[in-house]
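Undergrad: Summarising the annotation, TrEMBL assigns transmembrane segment to 29-49, 61-85, 105-124, 145-164, 176-194, 201-219, 251-273, 334-354, 361-378, 390-414, 426-446.
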Amino acid sequence: MRDLWSGMRACLDRVFDISGRGSSIPKEVVGGITTFGAMAYIMAVNPNILASAGLDQHTMVITTIASAVVGSFIMAVGANLPIALAPVMSSNVVFAQIVIVRMGVPPAQAFTMVLLGGLAFLFLSLTPWRRRIVETFPLSVKQGIHFAIGAFVAHIGIVNGGLVTKGGEGLVFGQLSNPVVLLALAGVFLAMMLKWARVPAAILVSVIAVTIAGLWVAHPDGSKVTQLPAHWVDWPSYPWFMLFPYDFHGLFANLFLVLPITLYFFLGDFFDATGTMMAVMQRSGLKDKQGQPLLAKSAFVADATASVIGSALGTSTVSAYLESLVGVEEGGRTGLTALVVACLFAVSSILWPLIICVPAVATAPALILVGLGMLGSLPDLKSLAVQERVIPLFMLLVTVLTGDFMVSLALGLLLHTAFVLTTRKWAELTLMLCGLDCVFILYLVLSSRLGS
């Protein structure tokens, strides 16, 4: 038995270069468990978000878990990095609330957009163009995308929790006489306090706590907030009808209207993945021969491949999770950490009956906390010229007031172009910027005609 364990250790060490990176198998396992605990909330939150767009919640639980397993496994084996992947918390809200609900795009066409965005990312990951886009894409618009999505995610959480409702004069705060509103408010406070206390699984703990409390809290109609299933554990059955859920014919029939959204899925995945993986690897302290964070082409290929496969499995954009930082803090330095995360997601699939009983009010604090976390980088505006700071703030304002992220993205790009022309910064007037402007002008025209 001891020889078998020694052989397994030697094999894992050889495959993942554990000793070479100054780590050990116990550290990698602890790092994986910690990362999983920090991001496990996605198993309840993502299905809730997608179910709000009419997709079956049980089906979305299974596809969410499957995409997290596959994505983390690809990163572990393909790039050997301690970075876990799952459906990302910004794109899933855009996918459900904007693309399907607001724009009325059928889910099959929406999944096709995610596929095309992932393929574009994969193509660029295999070419030198990836670095060129990172260096030339307008920083003000990049920050505006981040802030606007953060505000939109937090807004959805506030609405789902009943903290804000529509009144006679617009949005008003929810009725504090409603126990469900008080439960959501308690969940927000709990999540924030746990975050301030640096509890690694703060969001997951808050989701579980609110779900349990919901057993004793009732809606105004008398029904309980949380309804327990007949069986807590059940063997999962994969919804095979969700494999390759594409509609290319419908997509290309409305190409000019959906092209900007496809560009968003690409840009969102591209910049989120780049920023997240860079932050995680900087924290790990691992460097390449040039002294840069250890982030080879294989990492971007793995992330892009996970997005492509995620769409084929029937879920929104799959990308790297910033929660991987907590695993790195615990000593994770190799792909074994990500492999442990993949295994834990796979084991969790038997708990799907419990996961689908998590109510929307329990996931609302998670959405609010994630959204506020994205807004936490507002001080980064100092890196922009004073005149340029108005662009991301304008995008944020448009998103908050209208709830229309695509319009804010279009206006942000056009405003940046106006800034470049006014200040005569001709070097920034790139073909990429002009091309994006044309696409989004066409989007504004077509969407306004559709709306009228």
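Don't overthink the numbers, they just go from 1 along the chain as shown.
Cβ atoms here come from the backbone N, Cα and C positions, even for glycine.
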Undergrad: Under 8 Å, at least 3 Cβ pairs, sequence separation 6 or more: does that hold for the transmembrane segment (251-273) versus the transmembrane segment (176-194)?
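TA: When sequence-distant Cβ pairs are counted, the transmembrane segment (176-194) does not touch the transmembrane segment (251-273), since fewer than 3 lie under 8 Å.
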Undergrad: Top stretch among 105-124, 145-164, 176-194, 361-378 for CB pairs under 8 A with the transmembrane segment (29-49)?
TA: 361-378
Undergrad: I need to check the long-range neighbours of the transmembrane segment (334-354): which residues 6 or more away from its ends have a CB within less than 8 Å of a CB in the stretch?
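TA: Apart from its flanks, the transmembrane segment (334-354) reaches 12, 16-18, 21, 23, 25, 28-29, 31-33, 35-36, 39-40, 43, 58, 61-62, 65-66, 68-70, 72-73, 75-77, 79-86, 229-236, 324, 327-328.
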Undergrad: If we skip the immediate neighbours and take only residues 6+ beyond the ends of the transmembrane segment (176-194), which ones have a Cβ under 8 Å from one of its Cβ atoms?
TA: 161-163, 202-203, 205-207, 209-210, 213-214, 217-220, 225, 361-362, 364-366, 368-369
Undergrad: Verify whether three or more Cβ pairs under 8 angstroms connect the transmembrane segment (390-414) with the transmembrane segment (145-164), leaving out any pair fewer than 6 apart in sequence.
TA: yes
Undergrad: So what's near the transmembrane segment (390-414) in sequence-distant terms, Cβ-Cβ under 8 Å and 6+ beyond its ends?
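TA: For the transmembrane segment (390-414), the sequence-distant neighbours (Cβ-Cβ under 8 Å, at least 6 residues beyond its ends) are 94, 98, 102, 138, 140-141, 143-149, 151-152, 155, 260-261, 264, 381, 384, 433, 436-437, 440-441, 443-444, 447.
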Undergrad: What else in the chain is close to the transmembrane segment (61-85), if you only count residues 6 or more beyond its ends and a Cβ gap under 8 Å?
TA: 16-17, 28, 31-32, 35-36, 39, 42-43, 46-47, 236-239, 242, 276-277, 280-281, 284, 294-296, 298-299, 301-303, 305-306, 309-310, 313-315, 318-321, 323-324, 327-328, 332-339, 341-342, 345-346, 348-349, 352, 355-356
Undergrad: List, by number or range, the same-chain residues at least 6 past the transmembrane segment (105-124) whose CB is under 8 A from its CB atoms?
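TA: Same-chain contacts beyond the ends: 53-55, 91, 95, 99, 130, 133, 245-248, 250-251, 254, 258, 261-266, 268-270, 273, 300-301, 303-305, 307-308, 310-312, 314, 316-317.
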